Each structure stands twice: as C-alpha cells, then as structure tokens.
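Here TrEMBL flags 5-138, 154-284 as domain 'EamA'. Residues or ranges marked as transmembrane segment by TrEMBL: 36-54, 75-92, 98-115, 122-142, 154-173, 185-207, 213-230, 242-261, 267-285.
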Amino acid sequence: MTQNRGILLKLGSVAFFMSMQAMIKAASGHIPPGEIVFFRSVFALPVIAAWLAYEGRLHSALRTTQLWGHISRGTVGGMAMGLNFTAVAYLTLPDITAILYASPIITVVLAAIILGEQVRAVRIGAVLAGLVGVLITMWPQLQGWGDGNDMRAFGAMLALTAACFIAVAKILVRKLVGVDPPSTVVIYASFTAIALSLLTLPFGWVWPTGPEFTLLLAAGLAGGVGQLMLTTAYTHAEASTIAPFDYSSMIFALAFGYLFFGDLPTAQTLLGAGIVISAGLVIIWREARLGKDRSKSRAAGSSGG
C-alpha cells in the first residue's frame, strides 16, 4: 500500500508539473521568461514553506553549512528554468518534453567526469542510444534554420541547453543531499531563483493582465504542490520503483498539448522520445542493480520547472 501511494504521488507530481508547463506556455507570449521564473518561484514558495512549517521542519530546512553550494545549485537551476520557459514558447509540449528527457542521459556523462563514477558498457550504450533519440526528436526543428522556422530551431537548442543545466543541477544536488535533506535543497533553490529572476527586472518586465496573472499564480501553486508530492513520494517507495514514472509526463504533454493548443506530435517526436525513454529506463534499472540510491537527489526535484 505504501509503495502504491508513492507511485500515485509521483504520478500526481508529474501531472502538476506538466499542467504548470502548459500554463506557462499559455502566458509566455506576452510575459518575459525572467518574470515568469519570478512568479513561478514566488507563488510556489508559500506552499512549500507552509508544508514544512506544518511538519515542523521549516527551521531545520533553513539550517545549512553549505550555503554557497545551495546558491550554486539554485543559480544553475534558475538558469535551467529560464531556458525551459523561453523554449516552451516556441515548441509544442511533446517536443520540449522529449528534448528535456536528455537530462538524465547527460547526468550520467557528467557523473563520470565530475564525480568519478564508473560507467560501464550498459550505461554507455544507453547514453549513446539516448543521444540518438534526442537528435531524432530535434532534427525536424533544426531543419527550420533558414526556411522561416528559425524560432522553432532556436527553441529546440534552448531546450537542449536547459537539459544540460538540469543535468548540472542534478550533479550539484547529489553533493548537497549527502549533507542536507531534500527540503533544504528545495527551499534554497526557490530563494535563489527569485533573486536571480529579479536581475532581469530592467529588461522588459510587463504588467500582467488579469488572465495572465491567474495563469502565473496557478502555475506557481501547481509547481509548489508538484514539488511537495514529488518529495513525499520518495518517502513511500524506492527510487528505482517510482523514477520510471517520470516518463508518464509524455502522456500528459500529449493530452495537454492537444486539448489546450491543438498540437499533434510528429512520428519523429514519438520515435525519438521512445528511444530516449528506453535509454532512461535502462539507466534507472542499471543504477538500481549497482545499488546507487538516488532517492534523496530525485526527491529534491529537477530544475527545469
């Protein structure tokens, strides 16, 4: 029963994060990315803080000896968020979701380079297959350079860059959760994202209309609730059990993309996403076999939203 609860919480978190992404896409035509990052983080923070206060963990969540580590992680995560929110204006939800699936693949490469983790044949093969899948997904967008679809190509490159920043953030999180709990990582990431987004204030912030403000408020609340569900999910089930449900985000991306934006995925998007998902599942399976506990780092969440 506890494991099933963990799976349901994980699925719920994915649904909330994807609904947040859809609302941000709807608002992104007029609101600049830095401003969206600000509102998303500001409106999520009270939800997270209230939950921690309810559980009596707010004071302990703010206590850390790794302040600069949290600032570094929050800065990288804030950059990933800004890149993601910029890219989503130019891409369909299925396309950007498929490209962001590259982040676990890139994380394996960075873990080998930065953390010195041994990566053997199975994970190397999964990484190579995953990169092929990402290329297949991006190829239709990249072909847009010079034929009037430059912004789609630009969006695809931004999404891939966001995936790289998310991967770096995950590496930094792995270092931090060895010292601090996931709740500390999450709350400092929110503070840092708010501070970072304010630096963009002189560069074209606008006053949101009523509907736009409602979208931003709802997106922030959805992000906060999604983060709570994600963190709680990993207290009910093993990481290897619920991590594969990350990929249910494609189902929500397809549904929300069609219902709210009339977007239909191309065959190449589905093929590329299928390859990347398969590669990601192999990596999760292999890390579970090797006894690598990713529960704390995954509970701290990704940084793309």
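Counting begins at 1 with the first residue displayed.
For all residues, glycine too, the Cβ spot is worked out from N, Cα and C.
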Practice item. Could you check if the transmembrane segment (122-142) is in contact with the transmembrane segment (267-285), meaning 3+ Cβ pairs under 8 Å among residue pairs at least 6 apart in sequence? Key: yes
**Study point:** Region pair the transmembrane segment (213-230) / the transmembrane segment (36-54), three or more CB pairs under 8 Å
**Key:** yes
Review point. What stretch, picked from 36-54, 98-115, 154-173, 267-285, has the most CB pairs under 8 A with the transmembrane segment (185-207)?
Key: 36-54
Practice item. Could you check if the transmembrane segment (154-173) is in contact with the transmembrane segment (242-261), meaning 3+ Cβ pairs under 8 Å among residue pairs at least 6 apart in sequence? Key: no
Check your understanding: Have the transmembrane segment (267-285) and the transmembrane segment (36-54) got at least three CB pairs under 8 Å, pairs 6 or more apart in sequence?
Key -> no
Revision key, fill the gap. The average per-residue pLDDT within the domain 'EamA' (154-284) comes out at 90
Check your understanding: Counting each residue once, how many in the domain 'EamA' (5-138) are helix, strand and coil under DSSP?
Key -> 111 helix, 0 strand, 23 coil
